[in-house]
Amino acid sequence: MCFPGSQISPARLYYLVSAPWICTGSLTSSRLPRRRESGPLRVPPRSVQAERILRLPAFGLPLLALLLVPLLPVRAQNPDAKVVSMGVEWLTRYGYLPPADPVHAQMQSLEKLQDAIKVMQRFAGLPETGQMDPMTIKTMRKPRCSLPDVLGAAGLVRRRRRYSLSGSVWKKRTLTWSIRSFSQKSQLSPQIVRTLLSYALAVWATESGLTFQEVNSQYQEPDIIIHFARAYHQDSYPFDGSGGTLAHAFFPGEHPISGDTHFDDEETWTFGSTDDNGIDLFAVAVHEFGHALGLGHSSAPNSIMRPFYQGPVGDPATYRLPQDDRDGLQQLYGRVSQNPNARPTRKPLVPPPQPPAMPPDSPATPVPDRCEGNFDAVANIRGEIFLFKGPWFWRLQPSGQLVSPRPAGLHRFWEGLPTHVKVIQAAYARPLDGRIILFSGPQFWVFQERQLEGAARPLVEFGLPPGEDVDAVFSWPHNGKTYLIRGQKYWRYDEVAARPDPGYPRALSLWDGAPFAPDDVTISNTGDTYFFKGTHFWRFAEGSVKAESDSPQPIGPKWLDCPAPNSDPRVTSPPKTTSKTRSCDCHCELNQASEQLSPLLLPLLPLVAGEVFSY
């Protein structure tokens with residue numbers, strides 16, 4: 001008999017486990033005294049097909065912590081009891097150890113505990129020592145995904161493949177998504193967040209043929225709901241503040257929470273940061289959307305599905321899934337056709353990497369110099385600035401950097417745009433549903449991301465006279481209305497009611513300092529309004545209809561990484577309009593705009609009525 005007596009105190013057990021003469025057998029001896037219990041601790045079942053966080057009961061920590069003591073390196077200083085307990089709880093939470101119970105806890109042999117540590121070290125890319133050494137403990141403290149790494153006992157067996165599958169997939173190929181709430185802490189604007197999340201979904205769409213469509217959750221229940229939350233947020237994975245668990249997502253299924261993806265709002269979410277102060281949102285989003293599609297964690301060194309945060313992964317426009325993740329995804333949803341002429345049902349928001357060699361430009365359509373300005377259209381599309389000129393366009397990332405100094409081809413990017421369309425005169429992203437509208441002549445085309453939807457439609461739908469075309473179009477977030485400018489006049493369109501507003505056109509001179517017949521107008525990610533004409537731009541602060549005193553300024557140095565002019569350019573300013581009484585006009589416009597404003601801002605309207613007027 002290895003353990004005399006019928007009851008053993010924790011102190012006595014520590015003494016017995018530590019003694020070298022205690023027993024030559026294993027700890028699985030049936031002679032180990034058992035304490036009477038009503039039954040093992042039961043975790044309430046969940047109908048959601050997602051991994052569960054298995055928390056180690058308090059009574060199981062001392063025993064398993066003591067069992068791990070012999071696994072510590074002999075020459076290293078043993079960590080204290082709190083660190084060992086943390087390690088055991090960590091291994092249990094992330095699936096490497098089963099939950100302890102008072103009846104079967106003694107079945108945990110040292111060999112099985114060593115195996116669990118080795119699997120953890122394999123996932124982390126550490127030497128598989130089977131010991132809770134300092135590097136292992138340090139890795140356990142790294143920021144990571146909330147979900148377990150091992151899905152059942154089979155996950156402990158070394159596989160030829162590194163990826164793991166949850167066993168659940170979406171039964172449809174078009175998935176809808178929506179953002180329930182944005183981060184309250186991050187300096188990233190909602191528009192940039194939406195763009196990064198769209199790109200993260202597009203990464204998976206490229207390799208699977210799946211289609212992701214953003215919808216308004218007020219009108220349609222999305223498959224994937226994205227939520228920035230803190231601490232407990234009504235699921236089984238409460239967040240732990242900055243630096244611990246970063247995010248989690250639920251596997252596909254029929255439950256309302258299936259596919260939902262949550263980010264810890266106490267993290268400092270960044271994008272394109274060159275320092276270590278923050279967590280790259282795009283990298284984490286790609287990882288979590290892998291879970292939302294049915295992938296588990298992977299131990300492959302380069303996999304985006306490794307459980308630990310690995311830092312930024314690069315430009316969303318060029319990022320592609322590593323091979324291990326592609327293999328796992330295609331096990332679930334099949335392979336994308338390898339025929340280069342075959343088109344998947346949905347293209348990503350960004351094109352795949354361009355071929356290394358491109359045909360020379362035709363003399364009829366030479367590549368223009370971006371620093372010359374005179375753009376045909378400028379638009380903010382999901383946080384990126386598109387600048388159109390002839391059959392070309394440039395793109396600026398949300399960080400303000402050029403995607404490439406070389407422009408992209410118009411028809412190569414916008415699939416389905418008629419070949420006879422050589423110039424885009426105006427463009428904007430419709431805020432109601434994210435559709436992208438391109439204008440040329442008296443017509444416009446509607447795109448779902450890059451794919452054309454339907455035939456050309458006439459501009460008369462926006463309230464313009466038949467045969468009229470536009471100089472500029474933009475949606476103003478101050479009141480949610482869409483503005484269409486032609487020459488010295490502008491029209492206004494109500495997107496919600498889907499009709500032109502009465503009382504238009506009006507004089508563009510109401511926008512004090514704006515140039516007549518601008519090349520285009522767009523809204524920045526910070527909410528400022530920018531008029532573009534020729535080689536210069538005019539800035540209007542958020543919510544203002546008066547140009548800033550430093551306007552106009554050259555476009556090139558500010559937007560396109562062009563050298564600053566040697567001297568201040570001589571710009572012919574638009575004719576200044578004399579100040580005139582606008583009390584009635586202001587009153588009418590404010591009454592209309594107030595329907596779109598937050599109730600918290602309504603008491604401030606009398607204070608600013610002298611500055612905000614009808615336009």
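Note: Cβ is positioned from N, Cα and C throughout, glycine not excepted.
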CYS562: disulphide-bonded cysteine as recorded in Swiss-Prot, out of CYS145, CYS371, CYS586, CYS588: CYS371
According to DSSP, does HIS297 (Zn(2+) binding site) fall in a helix, a strand, or coil? coil
Measuring Cα to Cα, how many Å separate GLU288 (active site) from HIS297 (Zn(2+) binding site)? 10
One of the binding-site residues HIS287, HIS291, HIS297 has its Cα closest to the Cα of CYS562 (disulfide bond), namely HIS287
HIS287 (Zn(2+) binding site) and CYS371 (disulfide bond), Cα-Cα, nearest whole angstrom: 38
Among all the protein chains here, how many other CB atoms are within 10 A of the CB of HIS291 (Zn(2+) binding site)? 25
